[in-house]
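Visitor: Below is one structure. I have some questions about it.
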């Protein structure tokens, strides 16, 4: 196809078409033109393949449309890139906003935070001193519970540190049994008797050995307490320490001069007590410091015989259990 002088001319195998007039017959021209169109369609006219007479108007629009499509595609990519950039910037702004919000919340919580509580002291808080005078029962109870404020109030009001109940139990006795070392020292400074006897003739040394409080035992002995005093059944503090299994108190008593083979009313020594109660460690301490193995009690039984009898009793119990498994021993 070619355009000259505003006329359309068609050259096809010697046939000339100008405007709406044809040099040949109209039917033949129409057929030829139809054939040309069909042939050009087969050759790909309008799809990037030029015809014999050059590019037609429809085909000439192909590169322009392609260029327009490319331009539109580039604009679309640019628009997507801008949207993505704006979206990422929006996300960054959101993150910054969230960080600021979290920081503000933390600051608010920090301002409202209650200061941590101080750790509770191991010693119970001392109650406030009572205004009215204290009675004896409150004084002895305060000594057992280590309430030094009440003790000070009682002694300040002129109370007797050696006051006791019906069983002759003093405040020093309760402090030694419970292990209140500071209270023991205070009572001794205020004039408490270090060898005060209760109704069983037991002194504070007995109760310190019963509780196993070595530091209090040392305080009492340093104040001149009797180490070999006896109670109603002739037991000594050494017997009490062995019977309760407090080897530290036992060893300290021996080191301070306690009689190691002293016998009680039944004739038992400390070694008898250790064997009878099964305190192996206490027995080793006594033997290490020279306890006698041949001392007989009122039943003419030595510690060695007592151990044999004890072992024999164990053998008999085990044998009875083997013969009668359902028997409770």
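Positions of Cβ are set from backbone N, Cα and C atoms, glycine also.
Just so you know, TrEMBL annotations are computer predictions that nobody has curated.
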Visitor: Which range is it, out of 43-82, 163-202, that shows up in TrEMBL as region 'Disordered'?
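Guide: Checked against TrEMBL: region 'Disordered' maps to 43-82.
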Visitor: Looking at 85-104, 105-124, 125-144, which stretch does TrEMBL describe as region 'Disordered'?
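Guide: Of 85-104, 105-124, 125-144, TrEMBL gives region 'Disordered' for 105-124.
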Visitor: Across the repeat 'ANK' (200-232), what are the DSSP residue counts per state (helix, strand, coil)?
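Guide: Counting residues per DSSP class in the repeat 'ANK' (200-232), I get 17 helix, 0 strand, 16 coil.
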Visitor: Which sequence positions outside the repeat 'ANK' (233-265), separated from its termini by at least 6 residues, show Cβ-Cβ distances below 8 Å to it?
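Guide: Hits for the repeat 'ANK' (233-265): 205-206, 208-210, 212-214, 217-218, 221, 227, 271, 273-274, 277, 279, 281-282, 285-286, 289-292, 295, 297.
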Visitor: When secondary structure is assigned with DSSP, how many helix, strand and coil residues does the repeat 'ANK' (266-298) contain?
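Guide: The counts are 17 helix, 0 strand, 16 coil.
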Visitor: Go ahead and report the DSSP secondary structure tallies for the repeat 'ANK' (167-199): helix first, then strand, then coil.
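Guide: For the repeat 'ANK' (167-199), the helix, strand and coil counts are 17 helix, 1 strand, 15 coil.
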